[in-house]
Amino acid sequence: MIEQKGILFILSGPSGVGKGTVREHLFKQKTDLQYSISMTTRDKREGEVDGVDYFYKSREEFETLIEQDELLEYAKYVDNYYGTPRKYVEETLASGKDVFLEIEVQGAMQVKKRFPQGVFIFLFPPSLDELKNRILGRGTESEELVLNRLREARNEIEMMHAYDYVVVNDEVQRAVDKVQAIIASEHCRRERIEADYKKILEAEL
Ligand SMILES: Nc1nc2c(ncn2[C@@H]2O[C@H](COP(=O)(O)OP(=O)(O)O)[C@@H](O)[C@H]2O)c(=O)[nH]1
Ligand SMILES: Nc1ncnc2c1ncn2[C@@H]1O[C@H](COP(=O)(O)OP(=O)(O)O)[C@@H](O)[C@H]1O
């Protein structure tokens, strides 16, 4: 494995909590983070662009990527595959840049195994009622699917303990500010670790 220099940030949480919304706002404000564009087998939605929103793959192509260990993690989500390109993440981190992933919970737990030093942020709904309203409000799911997703959300919320930070997405800008604060504080922590490390090296000379 390539040595990590940049910091890997992972934003995750239940479907409909607002991961995509928070990520979009964050990237409008912040330019020194590299967003890792995921691979997916789901159909391209109107307005989406291949290589910008996702890399769209056939099921066969995706399964070949899995076999060739080209994915850092992947998950099946509502009958489609989603996955993170491994080389892009490793090479970008090795070049000293930070990488940001916005992925669902199963995938985040796989990343945790391979990159325990990553910074895991769980986006939390203000309430389950509000989560239901957001999924319904988005209008992309049938009533039955919404119930499935809410059931799934309860299981996902149980995984919260595995994360480093929890951010409540009550108001988008407030949640984005908190994510920005986490990024800044992780940089300070990294600088402190590096300073300690330098001191030890100097002491040995
Ligand atoms: N595990 C994993 N999940 C992903 C990846 N990319 C996107 N997702 C998640 O897949 C879910 C579905 O994404 P999408 O089809 O774009 O729908 P939407 O985000 O719910 O509008 C969301 O929870 C995304 O965060 C990925 O590379 N890996
Ligand atoms: N803080 C918020 N307050 C109110 N609505 C929100 C907030 N964040 C997101 N939403 C809305 O909730 C719905 C789900 O958001 P989305 O970003 O698609 O969630 P996810 O990517 O987690 O599935 C969207 O309609 C979005 O506009």
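Heads up, the Cβ atoms here are built off N, Cα and C, so glycines get one too.
The annotation domain 'Guanylate kinase-like' is assigned in TrEMBL to 6-184.
Every protein chain considered, the tally of other Cβ atoms within 10 Å of the Cβ of Gly16 (ATP binding site) stands at 23. Summarising the annotation, TrEMBL assigns ATP binding site to Gly13, Pro14, Ser15, Gly16, Val17, Gly18, Lys19, Gly20.
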Exercise. Around the ATP site recorded as Gly13, Pro14, Ser15, Gly16, Val17, Gly18, Lys19, Gly20, what other same-chain residues have a C-beta within 8 angstroms of the site's C-beta center?
Worked result: Leu123, Pro125, Leu131, Arg134, Asn169
Exercise. Per DSSP, Lys19 (ATP binding site) is which: helix, strand or coil?
Worked result: helix
For this session: Under 6 Å from ligand 1 by C-beta, which of these binding-site residues make it: Pro14, Val17, Gly18, Lys19? Sequence order, please.
Result: Lys19
Problem set entry | For the domain 'Guanylate kinase-like' (6-184), the mean pLDDT of the predicted model | 93
